[in-house]
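Colleague: Pulled the feature table from Swiss-Prot, pasting it below:
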type: BINDING; residues: 19-26, 81-85, 136-139; note: GTP binding site
type: BINDING; residues: Thr26; note: Mg(2+) binding site
type: DOMAIN; residues: 10-214; note: domain 'tr-type G'
type: REGION; residues: 19-26; note: region 'G1'
type: REGION; residues: 60-64; note: region 'G2'
type: REGION; residues: 81-84; note: region 'G3'
type: REGION; residues: 136-139; note: region 'G4'
Amino acid sequence: MAREKFERTKPHVNIGTIGHVDHGKTTLTAAITATLALDGNAKVKDYPDIDGAPEERARGITINTAHVEYETENGHYAHVDCPGHADYVKNMITGAAQMDGAILVVSAADGPMPQTREHILLSKQVGVPDIVVFLNKEDQVDDAELLELVELEVRELLSAYDFQVMTFRFAPGSALQAIEAISSNPAIKRGDNPWVDKIFALMDAVDEYIPTPERDIEKTFLMAIEDVFSITGRGTVATGRIERGVVKVGDTVEIVGVGDTQTTTITGIEMFQKTLDEGFAGDNVGILLRGVTREDIEAGMVLSEPGTITPHTNFESEVYVLTKDEGGRHTPFFTGYRPQFYVRTTDVTGAITQFTADDGSIVEMVMPGDRIKMTAELIYPVAIEEGMRFAIREGGRTIGAGVVSKIIQ
């Protein structure tokens with residue numbers, strides 16, 4: 001069946017909810033869609049829709065990243081609901097990497113919690129430039145001073161991770177109260193109910209404080225592959241977010257990473273189940289590839305303009321090692337340590353071959369909380385380049401975050 005064509009009328013922004021488990025991220029996502037649907041700018045998604053598959057809901061926590069779309073007066077938004085549970089930081093990294101800005105949800109009744117800090121740190125490491133803070137569950141707080149105290153704590157936390165005070169903005173409210181108000185009166189409008197108005201006010205803040213990112217459309221095309229599937233009779237589709245550049249149907253691209261670099265032609269592009277003639281930096285798309293089998297390609301590889309990126313195994317990087325309080329290791333590690341390097345959309349094992357201090361001296365041991373220059377060698381080549389961010393992981397948890405400073409080989 002022919003798909004509806006995607007119309008580009010407003011600037012496109014990738015956004016998401018971050019914050020501690022049970023502070024109301026998914027409920028807020030539902031409240032935003034319900035509120036914007038009043039103006040015809042969204043399809044209503046209720047909590048179960050966003051929370052995903054049954055086995056994820058059974059534990060009452062969000063495991064995957066759910067994507068919803070909506071519009072405001074000024075922008076078209078693709079919204080990811082990032083998982084909040086510490087076990088699923090890996091998904092948080094894949095989700096947060098897709099954000100031009102974030103809504104940090106903090107329960108006004110509880111204040112900042114360990115995952116609040118962890119998500120702020122991760123947002124910094126994956127390069128989320130702007131944060132709007134939603135102080136949720138305001139209906140559970142009787143004391144205005146308490147609300148101010150929570151705001152102050154969050155402000156200090158954001159400043160500690162170098163988020164400029166200008167780049168975040170606070171909006172109080174209650175996602176649940178807004179949803180209940182809309183459920184009891186679907187004809188409600190802006191100005192009719194204070195809780196619904198607070199969601200509108202939050203989205204006004206998002207429009208104002210999360211600027212339309214300057215897209216890297218002038219640069220060469222690159223997309224990290226998040227998932228791959230086959231469509232019978234049509235071929236293989238690679239999905240992901242276009243990191244930079246523009247890609248058109250008919251373009252020749254390279255598949256880079258793991259094995260030998262392959263060349264293929266793009267036969268189709270889709271976004272939100274609508275067909276596109278071309279995809280731009282920032283778009284979450286599915287790309288149909290000619291003559292590529294499901295076995296030729298896997299998550300973690302990249303699609304790129306031919307000759308623009310090559311796979312490497314050895315690099316130098318600037319790394320921050322998480323403290324115990326941030327969910328990192330309790331003990332030091334040494335040269336020769338072999339953790340996982342989480343690069344764009346995949347885990348690769350690598351050995352740490354050298355630590356170097358700021359003064360150039362060689363260090364044998366690194367403690368939680370240290371910032372260090374680190375040289376690493378991956379077990380197989382992946383597409384990496386200078387300035388690229390990555391996470392260091394061990395046994396399912398993030399223990400460090402880094403940025404590639406120099407490619408060796």
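Placed from the backbone N, Cα and C atoms, the Cβ positions cover glycine too.
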Colleague: Across all protein chains in the structure, which of the binding-site residues Asp22, Glu138 has the highest Cβ count within 10 Å?
Modeller: Glu138
Colleague: If you draw a 10 Å sphere around the Cβ of Lys25 (GTP binding site), how many other Cβ atoms fall inside it, taking every protein chain shown into account?
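Modeller: For Lys25 (GTP binding site), the 10 Å Cβ neighbour count is 27.
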Colleague: What does DSSP call Gly19 (GTP binding site) in the simple three-state scheme?
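Modeller: Looking at the DSSP assignment, Gly19 (GTP binding site) belongs to a strand.
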Colleague: When a 10 Å sphere is centred on the Cβ of the residue listed as 'Mg(2+) binding site', how many other Cβ atoms does it contain?
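Modeller: Around the residue listed as 'Mg(2+) binding site', other Cβ atoms within 10 Å: 26.
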Colleague: 10 Å Cβ neighbour count around Gly19 (GTP binding site)?
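Modeller: Around the Cβ of Gly19 (GTP binding site), 28 other Cβ atoms lie within 10 Å.
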Colleague: According to DSSP, collapsed to three classes, what secondary structure does Glu138 (GTP binding site) have?
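Modeller: In the DSSP reduction, Glu138 (GTP binding site) maps to helix.
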Colleague: Can you grab the distance from Glu138 (GTP binding site) over to Thr26 (Mg(2+) binding site)? Cα atoms, rounded to a whole Å.
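Modeller: Checking the Cα atoms of Glu138 (GTP binding site) and Thr26 (Mg(2+) binding site) gives a distance of 16 Å.
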